[in-house]
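**Student:** Here it is, the structure in full.
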């Protein structure tokens, strides 16, 4: 909205044309989202407390988590509000990729909202059934993949790109839709599984979103894409604005979510943020780089899969508790130590992912 306004005003005063630069709008989107989060956050959290929208804690979880009972949850609605508003303010709304990102994120947030609401209504930690949750996620993910496939103007936009290996494109054709489904649903649920400690999920999300913004900017610029030998995807640069909004909103949320947390994002935020990261990675053709940079999300998910398979086959558990962050808590690690060490690992993985821009 602001972008369109400034472009109109540019005919009156050429100085307004400075807002056509993606890098400037990316920075402004980050700052806008951060300020909005910090300003709205206290009022939003107060409302959650007023209406007793509090976290339900599992009885079989770490004992230290019992004090979290009743902490305001569904804070992800704040993140969603800020991200979407900021994106609409600073993006080129004539770009269909912007709408795919916004609507997919909003849809996954809505699924998470229903899940959180049912937990509150039932006064336990069980929300939507697994079948209902994955069914709804599948509908949205297939729809998003289908739209992106229809929007693709050349084979590169639906081909698998291998990081660190130059000039390798694996055409997927219509299989791109199925591949996108797994990336979106997998990333969404991986972030959700990671969201079990104060600040644990939001910091890696911010780091990965920032890095994906760089990839999106490069892939949307024909000159940079050619120089760095990455796929050129026309229009993908607008995802830099979306990523800037994710970074700003995430940092603003962290202000209230850092240990000891004043609010939790709930499934409303975790499912939406995971889907948002996935959409940007798909648009920028960097799904495998997302797998690297989001290594913490991947390991957390694998720990759950390993735990379930092991228990069903042998009756024994590999970890003291899954996801993995609870295993370390059960070993006696303080919650902040677990979170910060996972953040450090994410810093390393994000740097590895970014290095793929040059190492080819």
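Heads up, residue numbers simply count up from 1 along the chain you see.
From the backbone N, Cα and C atoms, a Cβ is placed for every residue, glycine too.
Model, not experiment: these values are computed from the prediction.
Sharing the features that Swiss-Prot gives for it:
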| type | residues | note |
| --- | --- | --- |
| TRANSMEM | 26-46 | transmembrane segment |
| TRANSMEM | 70-90 | transmembrane segment |
| TRANSMEM | 94-114 | transmembrane segment |
| TRANSMEM | 136-156 | transmembrane segment |
| TRANSMEM | 164-184 | transmembrane segment |
| TRANSMEM | 199-219 | transmembrane segment |
| TRANSMEM | 236-256 | transmembrane segment |
| TRANSMEM | 263-283 | transmembrane segment |
| TRANSMEM | 289-309 | transmembrane segment |
| TRANSMEM | 339-359 | transmembrane segment |
**Student:** Go through 136-156, 199-219, 236-256 and flag the stretch with the largest number of C-beta pairs under 8 Å relative to the transmembrane segment (289-309).
**Tutor:** 199-219
**Student:** If contact means at least 3 Cβ pairs within less than 8 Å, sequence distance 6 or more, would you call the transmembrane segment (136-156) and the transmembrane segment (263-283) in contact?
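**Tutor:** With 3 or more qualifying Cβ pairs, these stretches touch.
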**Student:** Is the transmembrane segment (199-219) in contact with the transmembrane segment (339-359), using at least 3 Cβ pairs under 8 Å (sequence separation of 6 or more) as the test?
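**Tutor:** Output yes: the transmembrane segment (339-359) sits against the transmembrane segment (199-219).
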**Student:** With a cut-off of 8 Å between Cβ atoms, can you find at least three pairs linking the transmembrane segment (199-219) to the transmembrane segment (263-283)? Only pairs 6 or more residues apart in sequence count.
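**Tutor:** Yes; at least 3 Cβ pairs under 8 Å.
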**Student:** With the transmembrane segment (164-184) as the reference, which stretch in 26-46, 236-256, 263-283 has the largest tally of C-beta pairs below 8 Å?
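**Tutor:** Ranking 26-46, 236-256, 263-283 by Cβ pairs under 8 Å to the transmembrane segment (164-184) puts 263-283 first.
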